[in-house]
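Annotation comment: TrEMBL describes 503-626 as domain 'STAS'. The transmembrane segment feature in TrEMBL is assigned to 123-140, 152-174, 186-204, 232-250, 262-283, 314-336, 357-377, 389-407, 412-431, 451-479.
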Amino acid sequence: MCKRALQYPQVETPPPQPFLKSLKNTLNEILFADDPFGKIRNESKTSKKIELGLRHVFPILEWARGYNLDYLKSDVISGITIASLAIPQGISYAQLANLPPILGLYSSFVPPMVYAIMGSSKDLAVGTVAVASLLTAAMLGKEVSAVENPKLYLHLAFTSTFFAGLMQTCLGLLRLGFLVEILSHAAIIGFMAGAATVVCLQQLKGLLGLSHFTHSTDVVSVLRSIFSQSPVWRWESGLLGCCFLFFLLITKYISKKRPKLFWISAMAPLVSVIFGSLFVYFLHAQFHGIQIIGELKKGINPPSITHLVFTSPYVMLALKTGIITGVLALAVRIAVGRSFAMYKNYNIDGNKEMIAFGMMNIFGSFSSCYLTTGPFSRSAVNYNAGCKTAVSNVVMAVAVAVTLLFLTPLFFYTPLVVLSSIIIAAMLGLVDYEAAMNLWRLDKFDFFVCLSAFLGVVFGTIEIGLILSVGISVLRLLLFVGRPKIYVMGNIQNTEIYRNIEQYPQATTLSSIIILHIDGPIYFANSSYLRDRIGRWIDEEEEKLRKSEENSLQYIILDLSAVGNIDTSGIRMLEEVNKILGRRDLKLVIANPGAELMKKLSKSKFTETIGKDWIHLTVAEAVSACDFMLHTAKPDSPEKISGIPEFNNV
């Protein structure tokens, strides 16, 4: 027929593979796309395989071999710099989680040591973060009061950290890291901005010297709580807080304008703590409305493994809190780690990082720590300070240990208002206006996702904002799958290239032929839509030809170059389209099907139904074949089958 007459090569069906081999290849592609064990598999010696395996599990064995004195100098400087930021931030964030301030220091000692052994990022600085701290307080505080039952609340914080670490480790071991990426970039921008707004508003409690405050996190409840207590606002606390906040913001501005002066903003929180403590000590400000931290227990982390709560009714609360905070921490950490890895041109394994963070939080829960991850602000300081390896985390941990052993009494007079100022200054950096405006310019739907996440957090709760973020991200994913683009293609003059006529208005369509490009896989979720959409395009084309009194439509070419896969619902859809077109004396032609597509179309006998002569390698070949038939014979119309409805009625 047409193919043989024009001597076009046939589209080949890939040779069949055994089921187990095909399943193995599919699982390898899903779970081991980066081929993490390639070096180990290709090594012949058993001893070498063991060595490579250990280096894979413990990256410290990889980079420690080339470690030198220059690296140590850079890492010591970076470690001390981030320690100056980690100490005041750790104390502040622990208070935000309604936990004893000393836990912020504990959480900056053990977890960084674990990460230095198992982590693969050179730049990530480990520690607590404000958003996870607030989320922990919001979720645990719903059922257990940190004031009325502080011991149980503390133990539940340890338990939720254990569950977070267990979940993170399992995701990494099972190579399911892609599940965390269900939170889109737009959703994370909106969620983090909303959480930062809520955190800043809650710090007005510390700035205004209030003793009682709402447990709700929505903006309406927070503002109501603040203004209902206006008679007891302490102007002394507010004035001191504003002064320190102004100082912190000025230092951040200087460091942003002149990156080489990054150390100014890094040291500013510790300087604020020192001067704030001196101010209180010499002026006895604690007797004039300035609240202070009080005594911090000396000594490194006490064990807490016996304090984990695995009994009802609280185990489910700890499990839910751990999973939600753990997923959020992973999403933020992966984004931060990959950003800095890109700057220094090295790769990090997301699944290995999950295992590292999981083990970090598991060991942390055994040693009086709460949830830790890789905060952006601390990691940025680490990067700018010139860190070379994860040894900077070890140096930070040693500095924190020295503080725990000898320096905690110096924090007795630290005013809470300074900690509130440190938190507000850090949170303002999470409100990324430029990124939101960029979303508006690039993709309105992404901006809607961002805005929904933001409003969900600000006017609802942290959990509502997180659910909205995930829900809308999943909805968009379903829309991409369920409503793939389908458009008409035309010929670029003097070429054999066919492109979207909306993108290339100069492309010309062909009389009696319509070329439709399906831009995505064909699944059960979109097969009905595609069938109806193809029918509509054909109806519109026939109506246009009828009005212009041109030749009637005879061939429908489907360009399947972008269809990477198809399921049984998709195959059934193609069969229905072929039957309906046959009833209307139209011929279906397939162009550029991939290997997976051809394999399934062949197994389903669809290639025999349509005829192998009507399956072409390229759109240009399909057009030539149709044009050849238009000038030599009528299309091979399959026998009309009664009872097959029109497109719109299927």
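Cβ from N, Cα, C; glycine included.
Scored by C-beta pairs under 8 angstroms, the transmembrane segment (262-283) has its highest count with 412-431, from the stretches 232-250, 412-431, 451-479. Note: the stretches the transmembrane segment (357-377) and the transmembrane segment (451-479) are not in contact (fewer than 3 CB pairs below 8 A, sequence gap of 6 or more). Against the transmembrane segment (152-174), stretch 314-336 shows more Cβ pairs under 8 Å than any other of 123-140, 232-250, 314-336, 412-431, 451-479.
Panel annotation: around the transmembrane segment (232-250), residues 206-211, 265, 268-269, 272, 276, 279, 285, 288-291, 415, 417-418, 420-422, 424-425, 428 of the same chain, lying at least six beyond its termini, place a Cβ under 8 Å from a Cβ of the stretch.
Sequence-distant contacts of the transmembrane segment (186-204) (same chain, at least 6 residues past either end, Cβ-Cβ under 8 Å): 96, 130-131, 134-135, 210, 213, 217-219, 222-223, 226, 331-332, 335, 420-421, 423-424, 427-428, 430-432, 435-436, 439, 443, 446-447, 449-458, 462, 465-466, 469-470, 472-473. 451-479 is the stretch from 389-407, 412-431, 451-479 with the greatest number of Cβ pairs below 8 Å to the transmembrane segment (123-140). In terms of DSSP secondary structure, the domain 'STAS' (503-626) contains 63 helix, 23 strand, 38 coil.
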